[in-house]
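**Q** This is the feature table in TrEMBL:
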type	residues	note
TRANSMEM	17-36	transmembrane segment
TRANSMEM	56-74	transmembrane segment
TRANSMEM	86-106	transmembrane segment
TRANSMEM	112-130	transmembrane segment
TRANSMEM	151-173	transmembrane segment
TRANSMEM	185-206	transmembrane segment
TRANSMEM	266-285	transmembrane segment
TRANSMEM	297-317	transmembrane segment
TRANSMEM	329-348	transmembrane segment
TRANSMEM	354-378	transmembrane segment
TRANSMEM	390-413	transmembrane segment
Amino acid sequence: MSTPNDNGASVRLEGKYAAMLVCWLLGNGCLFSWNSMLTIEDYYGYLFPRYHPSRVLTLVYQPFALGTLAVLTYYEAKINTRRRNLFGYTLFFISTLLVLVLDLATSGKGGIGTYVGICALSAAFGVSDAHVQGGMIGDLSFMQPEFIQSFLAGLAASGALTSGLRLITKAAFENSKDGLRKGAILFFAISTVFELLCVLLYAFIFPKLPIVKYYRSKAASEGSKTVSADLAAGGIYTQPREEAQEDPKQPERLSNKELLFQNIDYALDMFLIFLLTLSIFPGFLSEDTGSHGLGTWYALVLIAMYNVWDLIGRYVPLLKCIKLESRKGLMIAILSRFLLIPAFYFTAKYGDQGWMIMLTSLLGLSNGYLTVCVLTSAPKGYKGPEQNALGNILVLFLLGGIFAGVTSDWLWLIGKGW
């Protein structure tokens, strides 16, 4: 197997910042389309007022994401990572384009047929997410922690960017005829172009960066079979390592079951973080915070504040002095977040919009910070193939937490009727 020149750290780390930028953009692409759909909830709420789109679309999305990722995680060691990620980003591009086409074809009219179509595309987003998020985090787990941090920051940035764009388009088209629809069309046109950019970045730019080739070569030397296609795209061709099977010094990788048992606390961390977050965001913030001085802008402002502080939270662990790496400390911090549930309940009932904005910001900040702390700490000490598998396992629990959270979100409707 040919490998990159590794005579010195400066050679091995060449292209680090370019790789971090590409990871950030690819993270954006993983959730940009979905966040666009979430952020135009005011438009879908207008088109489908009886169908709770802020809750239903999320509930449709999650089973497909979770089920697909469960299968991909089980067969992770045999799956071509390059094909997996390219399929995911391409499906994001096609699905986003179809959302735009559906709206144009129906002339922005509601109805059950259009709603079913939107739900089907939401399911397609879930399948795309399972391919990309698990594949990318698994792939980046055997590289530098900064790459995972950049990818996760990109996930959060997609929410902040879409919220910012939504506020701008709402203001720009607020006084024009059919302003909500014009803003939504602009949203998905931008998303479509961006998803195409992500396909091109992953296909032609990312695999050719020297630092990426170095870490993938290292993972291949440790027995990883999932990186060969990406290495070939970068100009490195691997040969079958038959001698590794006969080498007693080459230990077998831990099974997924063994990795899960050794990291069950990290897996529960991911589940609990997103169980709490998605039980509040976006459904509760969109429908259950009452009427306030900001009027129709209120839900948009709350979602924007969550997204901005989630993004900030994902950069906080870059300050090593305040990065939480203690396994016990992470669990205590994550369990403490559940105090936000009564805080949101009583604030929605008795508080004003300032307190709600503060709580929403805290929800986002803690979500981003704790997610990065867990996903950058867990892979340490393992070989490349094990780190890839562990990354997929943790993302599976993350999506499990999201699914449990969006299901729990319906509990806020108890006593309110439909």
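Don't overthink the numbers, they just go from 1 along the chain as shown.
Backbone N, Cα and C atoms are what each Cβ position is placed from, and that goes for glycine too.
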**Q** With contact taken as 3 or more Cβ pairs under 8 angstroms (pairs 6 or more apart in sequence), are the transmembrane segment (185-206) and the transmembrane segment (266-285) in contact?
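**A** No, these stretches are not in contact.
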**Q** Other than its close neighbours in sequence, what residues sit by the transmembrane segment (17-36), given a CB gap under 8 Å and a spacing of at least six beyond its ends?
**A** 61, 89, 92, 95-96, 99, 125, 128-129, 132-133, 136, 140, 143, 146-148, 150-155, 157-159, 161-163, 187-188, 190-191, 194-195, 197-198, 201-202, 205-206, 209, 211-212, 307
**Q** Okay, the transmembrane segment (329-348) and the transmembrane segment (297-317): do they have at least three CB pairs under 8 Å, pairs separated by 6 or more?
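**A** Checked: the transmembrane segment (297-317) vs the transmembrane segment (329-348), no contact.
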**Q** Under 8 angstroms, Cβ to Cβ: which one of 86-106, 266-285, 354-378, 390-413 has the largest number of such pairs with the transmembrane segment (56-74)?
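**A** By the under-8 Å Cβ criterion, the transmembrane segment (56-74) pairs most with 390-413.
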**Q** Can the transmembrane segment (266-285) be said to touch the transmembrane segment (86-106) if we require at least 3 CB pairs below 8 Å and skip pairs under 6 apart in sequence?
**A** no
**Q** Counting only residues 6 or more past its boundaries, what in the same chain has a CB within less than 8 Å of a CB in the transmembrane segment (390-413)?
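**A** The answer is 55, 58-59, 62-63, 65-66, 69-70, 72-73, 76, 129-130, 133-135, 137-141, 148, 256, 259-260, 263, 266-268, 270-280, 283-284, 287-288, 371, 374-375, 378-379, 382.
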